[in-house]
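The structure under discussion appears below in the form of structure tokens.
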Amino acid sequence: MDSTKMGFLGDGGKMWLKWWEKILVTEKRKETLASMCDERARMLQDQFNVSMNHIQAMSILISTFHHAKIPSAIDQKTFAKYTERTAFERPLTSGVAYAVRVLQSEREQFEKQQGWTIKRMDTLEQNPVHEDDYVADALEPSPIHEEYAPVIFAQDTISHVISIDMLSGKEDRENVLRARESGKGVLTAPFRLYLGGVFEIESLVEKLLQQLASKQTVLVNVYDTTNRTHPIPMYGSVVSGDEFYHVSFLNFGDPFRKHEMHCRFKQKPPWPLMAIGTSIGILIIALLVGHIFHATVNRIANVEEDYHKMIELKKRAEAADVAKSQFLATVSHEIRTPMNGVLGMMNMLMDTDLDVTQQEYVRTAQCSGKALVSIINEVLDQAKIESGKLELEAVLFDIRAIMDDVLSLFSEKSQGKGVELAVYVSDQVPRQLIGDPGRFRQIITNLMGNSIKFTDKGHIFVTIHLVEEVFHSIEVERESTSKDTEDTLSGFPIADGRRSWEGFQAFSHEGPLGSFSSSASSSSSSSNDFINLIVSVEDTGDGIPLESQPKIFTPFMQVGPSISRKHGGTGIGLSISKCLVGLMNGEIGFVSEPKIGSTFTFTAVFTNACPNSNEFNKTQQINNQPHPASSEFLGMAALVIDPRPVRAEVSRYHIQRLGVQVEIVSDLKQGLSAVTDGNVAINMVLIEQEVWERDSTMSSHFVNNIRKIAEVDKGIPPKLFILVNSSSSFKASSATSCVHNPTVVTKPLRASMLAASLQRAMGVGNKGNPRNGEHQALSLNHLLSGRKILIVDDNSVNRTVAAGALKKYGAGVVCVSSGIEAITMLTPPHEFDACFMDIQMPEMDGFEATKKIRHNENSENNKELSIHLPILAMTADVIQATHEECLKHGMDGYVSKPFEAEQLYREVSKFF
């Protein structure tokens, strides 16, 4: 009996303990559910308040820019665009609309302004329609009231509510009046027609729950309980879950409407076996995490090992690059030093008494030596590009003079081939620019050199304009797309040059000088500070095969092995040119058609030597002034007879540079009329060879009539000049004709050559034909006369070459072989006016010697003397001894070996 009772009590105690444990678990779940439900209710209220704040802020913004603004600063398009872009600030709203208060007395005028009639809403409440089937014009006009609240702006998602009167609906009217009275937002019952700031409660709650990691464990329902007997479900569905739930009250700021959130667990209390499964799952996860950690540690160790290997490889690559640079510097020095002696001695040999054959031999040796130096320079430039050591100078230069020099360089080759070579520089391009003339000349020389190699007929035409001119289609720039061969320089067809630059950034807003959309921009100070040039080199050569065009700018690449054998070259000229163009803040492109020709175009930005607008205008006037050596042609007039407009413009450009007024006609008949009937006396007539030889009878008639007119008027007939590409071809053709033999001018035209030809023929100015450089030699002789110059070089040949070049022009020269001797000779006070210093010398190099010389000049004993001797570097190491490096060590200039005599003169003349 007692044992039975004890067993009963034992079983009852176990049941009581389980019941008590269940109660504790239930209470714990209730507390957890209450906490989770309250958290969700609070977050829902916070999200709702944030969206309401954004809507209120938008209301203030719209009121500010709409009310009392005539006209309004906002329209439907602006409102729709703004609300669409700011929709991310209101992620819980489906649409926003703005209604304005209109009194009955203002209704008629308001409807006229808006272009629609105020519609009533209550018909939609009675007979709702789908938004896609909604037609605003089909709604009834709102009945007469004291005031209206029509929607004037709406987000695109609810744009169908525009023109509807918010006060025409019964409940809406109460809501609007209540919102106006309280000054706060109010909530309404669910609408068939959404107005104002429309909140989708389902979307609101769903987005909220997505932010919570435990959203799957709790079921949420939201109700509108304004009417307790008939609560309105706003979110959630009837899903079976746990047996109890928790209610959290929602406060959306509207005391008139009540809302509640009901929460319950989705699943019932777990079985005890779940704890075992959970433990096993945790163990498995721990093992996986351990494995992942072990793998991660191994991966990190491998990455660190790879990193150290990459660092080691990087160090080796840098060491190899340094070794390569050192090797190039050494090879450069060892090759350029003897080449300086070879070319220098050849120049000195040319000044001795040689017969014609000997002179030809010396010239051949000079050309060969210069060709070798050119190849060395290209290889060294490529090395500089790869090492990032290529630098640009910033000096004053005349671009027209540079183009004349380049024409002289290629004139013999073009005449030998019978190819027409011409340059045209726009009058808008300033005469004086600041930049690197040597590198600019190198780009032009590379492009023209390629054109000369591959062009056997037709022409090579170089044009230089401002980018603004091409952008605005200047009158001289012909349409490249034209198929009319008469509109080209030689009459041969050309590639469509416009395609070579149409993709340049210089013609867009992102270009170096921005957009050229207005003429005012060209007169701004910023555009006057910089000059953006566009240069085109056009030829009628063989063209580039299509398969070779993608690799045209690749270093050491040529079209084919036969090209290298036939024309020579290293294949890096275009690669270097592209790099130089990039350093000049420009772009380069090309277009090429096989058997037609190629056009290479590049842009380059230089500094304007006269950035002030007034000075800039003066510079443009100066560009039209005569060549300095040709003032004797001022006031003269010339007639150019040429049927090709482009070629005639080129002739006009060069003749006008001499101060001569130019008139252009297309044939001899028009030319005769211009000479006889013109108001201006013609002093010279320049006729293209093809016009002169086309009809010998007409040519003879032209000459005879000019003579007769001159005899009648007792005046001097105009001088006749024939413009030819090759003087030999003209002599052969004119020998068979019995007409008047005029003066022949062989192209390419350039200012100095044209001035000399006109002077000889017309008997004005200097009638002689001085040797090349004679005028320069005389002026330099006067400049260097009495000057004492010290030459410091450990190579006796270099000393002899430099001394001979300077002594030739009147300078007193002293030579020493080391930096130590130079310091002794230049210890103040001394009598030297300049010093040329080699860089690489034994015992003490040029940098160290210059440093000690500057130290002596600035010592306490010599401060009062204010001594600063011009020291110019002479070096064959163009890799490491850069211009910048020389200036950093106290030098004033830089001459690379092998140097031309003119280089020494040009550098030293800057200081006298």
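Note that Cβ sites are derived from N, Cα and C of the backbone, with glycine treated the same way.
Since this is a predicted model, take the numbers as computed values, not measurements.
Across all of the domain 'CHASE' (70-205), the predicted model scores a mean pLDDT of 74. Marked as domain 'CHASE' by TrEMBL: 70-205.
Annotation comment: TrEMBL describes 271-293 as transmembrane segment.
Per TrEMBL, the feature domain 'Histidine kinase' maps to 330-608.
Residues of the domain 'Response regulatory' (637-762) grouped by DSSP class, helix first, strand second and coil last, total 65 helix, 25 strand, 36 coil. Sequence annotations record features per position, and here TrEMBL assigns domain 'Response regulatory' to 637-762 (among others).
Sequence annotations record features per position, and here TrEMBL assigns domain 'Response regulatory' to 788-912 (among others).
If you look up TrEMBL, you'll see Asp838 marked as 4-aspartylphosphate. Summarising the environment of Asp838 (4-aspartylphosphate), the number of other Cβ atoms within 10 Å of its Cβ, over all protein chains shown, is 28.
For the domain 'Response regulatory' (788-912), residue counts in helix, strand and coil come to 52 helix, 24 strand, 49 coil, using DSSP.
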